[in-house]
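Student: TrEMBL feature annotations, pasted as is:
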type	residues	note
DOMAIN	39-290	domain 'G-protein coupled receptors family 1 profile'
TRANSMEM	24-46	transmembrane segment
TRANSMEM	58-76	transmembrane segment
TRANSMEM	96-118	transmembrane segment
TRANSMEM	130-155	transmembrane segment
TRANSMEM	194-219	transmembrane segment
TRANSMEM	240-263	transmembrane segment
TRANSMEM	269-292	transmembrane segment
Amino acid sequence: NSSDLSPSSFTLASIPGLETAHSWMAILLCSFYIVAVAGNCAVLLVVKVEPSLHAPMYFFLCMLATIDLALSSSTVPRALSFYWFNSSQISFGACLLQMFLIHTLSAVESTVLLAMALDRYVAICHPLRHAAILTNAITAKIGLVAVLRGVLFFLPLPLLLLPLPFCSSRELSHSFCLHQDVMNLACANTTPSVVYGLTAILLVMGLDAILICLSYLLILKAVLRLALWKERLKAFSTCIAHICVVLTFYVPLIGLSVVHRFGKDLAPLVHIIMGNIYILVPAVVNPIIYGVRTKQIQRRIM
């Protein structure tokens, strides 16, 4: 009697003792969401109308902006309905769909960041071959592979959870659905789900992080071969925006994973804040970083 083979809904997390502050939290969350939507839409519009930006680097930036828009839009509106209208219940099917979108879009973003690192490597280490290696057709194929990779690796996650029985306590740790959060509520052996989830993350985000580090080691090696410090700084400065975006993506991802693995005794506020940082900070910060670092985007926005 303590489990149900097909739960009807889960309960989104609220902060004990701060239920009266939900409206203020909703205003803060909505403000960040508006900034994220406005910033990423501005990037998409600027690249579209500016012919000089029709290059692989900026096409990858458009992919990144689209992913950030999709990721924040798949989570924030539902969280706002919870904070504003106290709609704390999310259906089982909607929760699995949201979980699939979050993990799949994160995997696609990781692949795009790897592709951007490849673009920087070719531009610095093989500048004369850059146009021939990264054509518009190749860039489009990389985007397609990124989507297919994310879907194929993370589609099994909700499918593995679908047949599991769930306990009577179905309160999540966040205002949205994540795989490990939902899996912890199951009243059955979750070893296959644990093993596959960890394997998928290591083969996608983990492998991408290693390859990004490797590409920057090669870039650093090529930069140090330049004779003048001025030339070295000029060459490496083209990578600063991408490095910041990579850190903005991977640091919250690692932080959220650590909280899930080792922070079961932490206050609920920590889980909720880390989850919102993981979802919203990259979407808010990425267009700001590229807007500050890219003069063409600055001029066009002005």
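Cβ atoms here come from the backbone N, Cα and C positions, even for glycine.
Heads up, TrEMBL stuff is auto-annotated, nobody curated it.
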Student: Quickly jot the same-chain residues contacting the transmembrane segment (96-118) by Cβ under 8 Å, restricted to those at least six beyond its ends, or write none.
Tutor: 57, 60-61, 63-64, 67-68, 70-71, 74-75, 78, 90, 134, 139, 142-143, 145-147, 149-151, 153-155, 157-158, 161-162, 176-179, 182, 200, 204-205, 208-209, 211-212, 215-216, 242, 245-246, 249, 253, 279, 282
Student: Under 8 Å between C-beta atoms and at least six residues away from its ends: which parts of the chain pack against the transmembrane segment (24-46)?
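Tutor: Residues packing against the transmembrane segment (24-46) from afar: 18, 53, 61-62, 65-66, 68-69, 72-73, 76, 79-80, 83-84, 276, 280, 283-284, 286-288, 290-291, 297, 300-301.
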Student: Between the transmembrane segment (58-76) and the stretches 130-155, 194-219, 240-263, 269-292, work out which stretch tops the count of Cβ pairs under 8 Å.
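Tutor: Stretch with the highest Cβ contact count: 269-292.
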Student: Take the transmembrane segment (240-263) and find every residue of the same chain, 6 or more past its ends, with a Cβ under 8 Å from one of its Cβ atoms.
Tutor: 64, 106, 109-110, 113, 116-117, 120, 173, 178, 180-181, 201, 205, 209, 212, 216, 270-271, 274-275, 277-278, 281-282, 285-286, 289-290, 292-294
